[in-house]
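Annotated features, as they stand in Swiss-Prot:
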BINDING   R186, T188, W199, S248, H251, R283, R296  FAD binding site
DISULFID  C35-C48  disulfide bond
DISULFID  C37-C46  disulfide bond
DISULFID  C85-C387  disulfide bond
DISULFID  C94-C130  disulfide bond
DISULFID  C94-C99  disulfide bond
DISULFID  C99-C104  disulfide bond
DISULFID  C207-C237  disulfide bond
DISULFID  C390-C393  disulfide bond
CARBOHYD  N276  N-linked glycosylation site
CARBOHYD  N380  N-linked glycosylation site
MOD_RES   S106  phosphoserine
MOD_RES   S142  phosphoserine
MOD_RES   S144  phosphoserine
SIGNAL    1-23  signal peptide
Amino acid sequence: MGRGWGLLVGLLGVVWLLRSGQGEEQQQETAAQRCFCQVSGYLDDCTCDVETIDKFNNYRLFPRLQKLLESDYFRYYKVNLRKPCPFWNDINQCGRRDCAVKPCHSDEVPDGIKSASYKYSKEANLLEECEQAERLGAVDESLSEETQKAVLQWTKHDDSSDSFCEVDDIQSPDAEYVDLLLNPERYTGYKGPDAWRIWSVIYEENCFKPQTIQRPLASGQGKHKENTFYSWLEGLCVEKRAFYRLISGLHASINVHLSARYLLQDNWLEKKWGHNVTEFQQRFDGVLTEGEGPRRLKNLYFLYLIELRALSKVLPFFERPDFQLFTGNKVQDVENKELLLEILHEVKSFPLHFDENSFFAGDKNEAHKLKEDFRLHFRNISRIMDCVGCFKCRLWGKLQTQGLGTALKILFSEKLIANMPESGPSYEFQLTRQEIVSLFNAFGRISTSVRELENFRHLLQNVH
């Protein structure tokens, strides 16, 4: 009898273990759930949801935007990668070959682009007015007096206090054109203390955060510090909270690209780039990042909405008959402007745009001071990009901060845009070619990040 009872108890134990094992297997989350379970529904401070953005971006906007960014006007960006870091001297330059940037030879850049960054309209290029300009490279010698005054006004405006970025002097001998298609943003191996210092300075000194508040994961402070941080963040005014989320979203977007274009194989035969799901999990898995990863991805969507709104606001500037995406190739220039306007009208049709009217809407004096603080903090972040030790990372960091800075400039210039003349130069609101190229390429990076999230969702579905 005792032996029979023992056998029965043993069998029941085996059944229980099998069932409990099955239950654990059924309850075990996939990596996709851990990364994306919280990345759905409505975004904080917005009336828009993640699913609407995914559908709009991935199927209506992304393909056309990529085609535009492959055109000559948008693929060449002039940048000075040799500016010294204004904050510290001990920069360890990345010696890896993937950190290097290959600048363009002079004959690779279309003449129309090389002429000057402000010469993008009929007036500025004098395509019809100036019969003496046989070569665009000599356009300075053929400018009319009226146009010279306009150029002077535009230069003053570009250097004015409305700028959100510390822009490069593109006339400097150290400034070179870079083909963005030949120098893509991807994993370079740049990491460690130097990379951490860049982001630490950005977050700790430029996001309105007191030193007494610790960022989650910044120094392994645990759950209590995380709760303290988010209690502090929620207590901020909407403008300062938005500023932090924009920087976090930009950081997230960059990390998505590094994970999506990772060096998987490197030998004498070939280099193979592709999706690294392990790298993505380390940056965004809710368990591995103590809940931070999904928050970062939601901030990426917030950044998308801000830049999308700026593009919808600036449509009148590009709709003016005088505006051209000038490269010197008349047929392509016309086609590219048509594609640009098609994209901007699509952007304008987005049903759930961010409402920027909540920004700086209080007391006028306080709002003015807050806006100035906002601008100066972001301008400082753009200067930090010159401290990045990896030249390719520096290139894309400078471009994306200038693009976001241009988006903010547009959002805070609504009245100036509304009062622009339908033709002729606009003295009150102006965009240089550098700003235009950075604006659309920066948004292209974010759009690509959102598209890549769908790819990672599929790749992580069966990963535990």
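The backbone N, Cα and C atoms fix where each Cβ goes, and this holds for glycine too.
Here the features listed in Swiss-Prot are placed on the structure.
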| residue | record | DSSP class |
| --- | --- | --- |
| C35 | disulfide bond | helix |
| C85 | disulfide bond | coil |
| C104 | disulfide bond | coil |
| T188 | FAD binding site | coil |
| C207 | disulfide bond | coil |
| C237 | disulfide bond | coil |
| H251 | FAD binding site | helix |
| R296 | FAD binding site | helix |
| N380 | N-linked glycosylation site | helix |
| C387 | disulfide bond | helix |
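Comment: FAD site residues R186, T188, W199, S248, H251, R283, R296; largest CA to CA distance 22 Å, whole number. Of all the recorded positions listed here (C99, S106, H251, N276, R283), R283 has the Cα closest to the Cα of C37 (disulfide bond). The Cα atom of C207 (disulfide bond) lies nearest to that of S248, taking the binding-site residues R186, S248, R283 as the candidates. Taking all protein chains in view, 18 other C-beta atoms sit within 10 angstroms of the C-beta of H251 (FAD binding site). A sphere of 10 angstroms centred on the C-beta of C48 (disulfide bond) encloses 21 other C-beta atoms. With the fewest other C-beta atoms within 10 Å around its C-beta, C237 stands out among the disulfide-bonded residues C94, C99, C237, C387, C393. Non-local contacts of W199 (FAD binding site) by the CB criterion (under 8 A, 6+ apart in sequence, same chain) comprise H251. Most Cβ neighbours within 10 Å among the disulfide-bonded residues C37, C46, C390: this distinction goes to C390. In sequence order, E205, N206 constitute the residues six or more apart from N380 (N-linked glycosylation site) in its chain with CB-CB distances below 8 Å. With C48 (disulfide bond) as the anchor, the candidate recorded positions are C104, S248, C390, and the one with the nearest CA is S248. Among the recorded positions C104, R186, T188, R283, C390, C393, the ones whose Cα sits within 10 Å of the Cα of C35 (disulfide bond) are R283. Looking only at the binding-site residues R186, T188, S248, R283, R296, the one with its C-alpha closest to C387 (disulfide bond) is T188. Taking C46, C99, S106, C390, C393 as the recorded positions under consideration, the smallest Cα distance to R283 (FAD binding site) is found for C393.
Using a 10 Å Cα-Cα cut-off from R186 (FAD binding site), the disulfide-bonded residues that qualify among C85, C104, C393 are C393.
For the disulfide-bonded residues C35, C85, C104, C207, counting C-beta atoms within 10 A of each C-beta gives the highest total at C35. If you compare Cα positions, C99 (disulfide bond) sits closest to C390 out of the recorded positions S106, C237, S248, R296, C390.
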